[in-house]
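Colleague: Sequence annotations record features per position, and here Swiss-Prot assigns transmembrane segment to 4-24, 44-64 based on sequence analysis. According to Swiss-Prot, the domain 'FAE' annotation covers 61-358. The active site feature in Swiss-Prot is assigned to Cys213, His292, His376, His380, His409, Asn413.
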Amino acid sequence: MKNLKMVFFKILFISLMAGLAMKGSKINVEDLQKFSLHHTQNNLQTISLLLFLVVFVWILYMLTRPKPVYLVDFSCYLPPSHLKVSIQTLMGHARRAREAGMCWKNKESDHLVDFQEKILERSGLGQETYIPEGLQCFPLQQGMGASRKETEEVIFGALDNLFRNTGVKPDDIGILVVNSSTFNPTPSLASMIVNKYKLRDNIKSLNLGGMGCSAGVIAVDVAKGLLQVHRNTYAIVVSTENITQNLYLGKNKSMLVTNCLFRVGGAAVLLSNRSRDRNRAKYELVHTVRIHTGSDDRSFECATQEEDEDGIIGVTLTKNLPMVAARTLKINIATLGPLVLPLKEKLAFFITFVKKKYFKPELRNYTPDFKLAFEHFCIHAGGRALIDELEKNLKLSPLHVEASRMTLHRFGNTSSSSIWYELAYTEAKGRMKEGDRIWQIALGSGFKCNSSVWVALRDVKPSANSPWEDCMDRYPVEIDI
């Protein structure tokens, strides 16, 4: 029976194939051409519509996609050697100023000098940081003229080197963003730069003031937004802080801390949205994350410029500062994490979150391993305690925070520009390789915590006149606390 079925299907198959062969033998080339033409004519409108949609979607994508932002180069200001001071020299200046009656005028105020000396000894600052000329002469010069002189030397020094290294002409700059927190004269620092370098009349310039040590990342984010709107142009970001005008000569201890930490420094950064600059750029900007917790009174008031009881202006740092900084940092990390962490870390974080919320409230929060997302960390060199805390909470190794510690040791707290000195350190050490990811993170008054993420487009070598050129062979150093 089975054999009969097989024979039947074979006969049926052969018959069908024979029929098709006979039919096909009657179809010639002309018939095939007519068939093709008929179907093409019938579907011409459909084909045209599909082609139009493809072209339209492609054009729409090209017009609306975020434009890449490249970091062509950056320059950190290296002050002249005559501005270099050791801790002993600095405290000698303080005692001399007190004896001359310029500050802390009574003998009972000796403890204020001792208080600052103790902070300096434990600060992580080295013996070669810089203070401006106005604070090294007697009587002290803290007026507008001395303050302008310091700022001009820093900004013009960084910009001159940047233009020299990149070959970009000032007339090519279409966007300028300057940030300086406490020194904001009229005309603005941005206008001062426009005047000095004769920048073009239609330049888009902004001057950010009062935004603290995290303003460098804010300035980059603002420039990034402008580069999305204005095509085929360069943007310059300048980050600095003025020390001359901000030396506090009163007796409020919470205001004396800034005297011990802040030093002369500044940086200029050249950004571009021109596709042809990719070949020579060092980095591409991947993400910026900005967190501002100023709606909370404790956050808003933890670092405030104000007058003391004697009418002397200074910056007050409250006891809430560490708690506020930790909270703001936590929000920034929670926002940045999903953008940069690998899937495995995201899942671990999510599972822990669900367990803690619904099953075990006592369970500790999961800290993602950001070492899987970044090769290099540029943590704002605001102070030894800040670096220690981030190293501990993010479970980083001493190598990961080396750039921050060495920047604090060599240059002190240079405010918003410190993250650029740290990036320059990493380059000078020859550690920056193609594809490496960098996390710049800065905290500042307001209270704010801001992050920028970069990726290296090539093996990056230090630029000419790097601030580390004259001392790289001596770093890293052991820091005794």
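Using N, Cα and C of the backbone, Cβ positions are placed for all residues, glycine too.
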Colleague: Return the single residue from the active-site residues list (His292, His376, His380, His409) that has the minimum number of other CB atoms within 10 Å.
Modeller: His292
Colleague: When you measure from the Cβ of Cys213 (active site), how many other Cβ atoms are you left with inside 10 Å?
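Modeller: The answer is 28 other Cβ atoms.
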Colleague: Round to a whole number and give the Cα-to-Cα distance in Å for the pair Cys213 (active site) and His380 (active site).
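Modeller: Cα-Cα distance, Cys213 (active site) to His380 (active site): 8 Å.
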Colleague: Write out the long-range same-chain contacts of Asn413 (active site), meaning residues 6 or more apart in sequence whose Cβ is under 8 Å from its Cβ.
Modeller: Cys213, Leu261, Phe262, Arg263, Ala381, Gly382, Gly383
Colleague: Measuring Cα to Cα, how many Å separate His292 (active site) from His380 (active site)?
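Modeller: So the Cα of His380 (active site) lies 17 Å away from that of His292 (active site).
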Colleague: Rounded to the nearest angstrom, how far is the Cα of His409 (active site) from the Cα of His380 (active site)?
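Modeller: Their Cα atoms are separated by 13 Å.
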Colleague: Cα-Cα, whole number of Å: His376 (active site) versus His409 (active site)?
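Modeller: It is 19 Å, counting Cα to Cα.
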